[in-house]
Amino acid sequence: MPNASSWSASSPLLLLWEDSSGTRIFLSLLYAVLAISGTLSNVMVIYLVFSFKKLQTTSNAFIVNGCAADLSVCALWMPQEAVLGLLPPNSSSLRSAEYRLLRGGLLGLGLTVSLASHLLVAFNRYVLITKLPSVYQALYQRRHTGCMIGLSWALALLLVPLLPGLWTPGSAQQPPPRQTDGGPRYTALLLALAVLGQTALLLHCYLGIVRRVRGSAKRICKIYFYQHCARISESGEAAQRRLSSVSVLLLCCVFLLGTQPLVWVSLLGFFLRPAPPALQAASWLLLCSLSALNPLLYTWRSEEFRRAARSVLPRGEGAAAPRPAAAAGP
C-alpha cells in the first residue's frame, strides 16, 4: 500500500483505492444522500425564483446562478461517484481516462462557478446595504448582472482545461503514480490561494454589512426583503428579531467550515508534508457538500422564499398560485 505522500493534496477523489468495502459503501450512500437532497433543494430554489415575480431580484439571480452550478455537482457528479464506489475493482469505467476527465470537468465547472456565485451574492448585498441606492442601480443594471454571471461561467470553462491535474485524479481502484515534478503541488497551492482570497473578499463584504446594519432593521431587511423593506421596517422589534445579523455570521461560519479545511490541507501539503489521505478526502467532501447546503444558506431566513415554498407544497393548497414569471428590474 502506498503511503500518504503518494496522494496529491489537490485530488478531489473521495473514494480511496485502498478503502475497505464497508467504507466505500458508506461513502457511496453519503454521496447518494447529498446528491438527492442537493438536487431537490437547488431545483426548488430555481423553480421558485422563476415562478414568483417577488423573488426575481438581482441578488436572487446570483443565487440561481450558484444553484445551477451546484446542480453540476449534485445531479451529475455525485451520483456517478456513488455508483463508482459500488463497482468491482476491475471495472472498465474506472480505467477510462476520458471518463475521469468528464467527471473532473463536471466537478471543476460546478465548484468554480459556485464559489464565484458566493462572492457575487456577497458583493451585491454589500453594495445594496452600504452604498447609495443610485450607486446600486447604476452598477446592477440588467446587462451588467448578465455580464457578471456570464463571466463566472467563462472563468470556469477557462480554468477547467488549464488545470486538468486538479480535477482528474487517478482511478479510485488504483494508486495514483508518484509525482516526479511539482506540477500537482503548485496546482494545489494555486487552488488554496484562490479560495483563500475569495474567502477574504467574502468576509470583508459580510462583516461590512454587519457593522453597517447593527441596530438598523430597515437596512438589514434589504438582504432578505428587498421588495418590502418599507412595510417590514414599521415593526422594528419584529424585524430585529427575525432579520438579525446573526444569520449573516452563520452563513460565513458554514462557508468557512466548507472551504477552509481544503485550503489548509493544500498549504500543509505544499510547505510541509502531505496530509493523510483520509484528511484530504474529508476536506474535499466538506467542500462538495456546500453544493447541497447552499440553497438553504441563502433562503432559510427569507420569508418570501418560505411563503413561495409553502404555496407549492401539498399543504399549501390555500396559498396563492405562482404568478407567471416576468421581467424584473435590478
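The backbone N, Cα and C atoms fix where each Cβ goes, glycine too.
All annotation found in TrEMBL is predicted automatically rather than curated by experts.
Sequence annotations record features per position, and here TrEMBL assigns transmembrane segment to 25-50 (among others).
Annotation comment: TrEMBL describes 41-298 as domain 'G-protein coupled receptors family 1 profile'.
The transmembrane segment annotation in TrEMBL covers 62-80 (among others).
The transmembrane segment annotation in TrEMBL covers 100-123 (among others).
Under the heading transmembrane segment, TrEMBL lists 144-167 (among others).
Per TrEMBL, the feature transmembrane segment maps to 187-209 (among others).
Feature annotation from TrEMBL assigns transmembrane segment to 248-272 (among others).
According to TrEMBL, the transmembrane segment annotation covers 278-300 (among others). Residues 7, 9, 11-16, 30, 34-35, 37-38, 41-42, 44-45, 63, 66-67, 69-70, 73-74, 77-78, 107, 110-111, 114, 118, 121, 251, 254-255, 257-259, 261-262, 265, 269, 306 of the same chain lie 6 or more positions beyond the ends of the transmembrane segment (278-300) yet place their CB under 8 Å from a CB of it.
Same-chain residues lying 6+ beyond the ends of the transmembrane segment (62-80) with a Cβ under 8 Å from its Cβ atoms: 31-32, 34-35, 38-39, 42-43, 45-46, 49-50, 103, 106-107, 109-114, 117-118, 120-121, 124, 145, 148-149, 152, 156, 288, 290-292, 294-295, 298-299. Summed and averaged per residue, pLDDT over the domain 'G-protein coupled receptors family 1 profile' (41-298) gives 78. Within the same chain, residues 12, 59, 62-63, 65-66, 68-73, 76-77, 80-81, 148-149, 152-153, 155-157, 159-160, 163-164, 166-171, 195, 198, 201-202, 205-206, 255, 259, 287-288, 290-291, 294, 298 sit at least 6 positions outside the transmembrane segment (100-123) and bring their C-beta atoms closer than 8 Å to a C-beta of that stretch.
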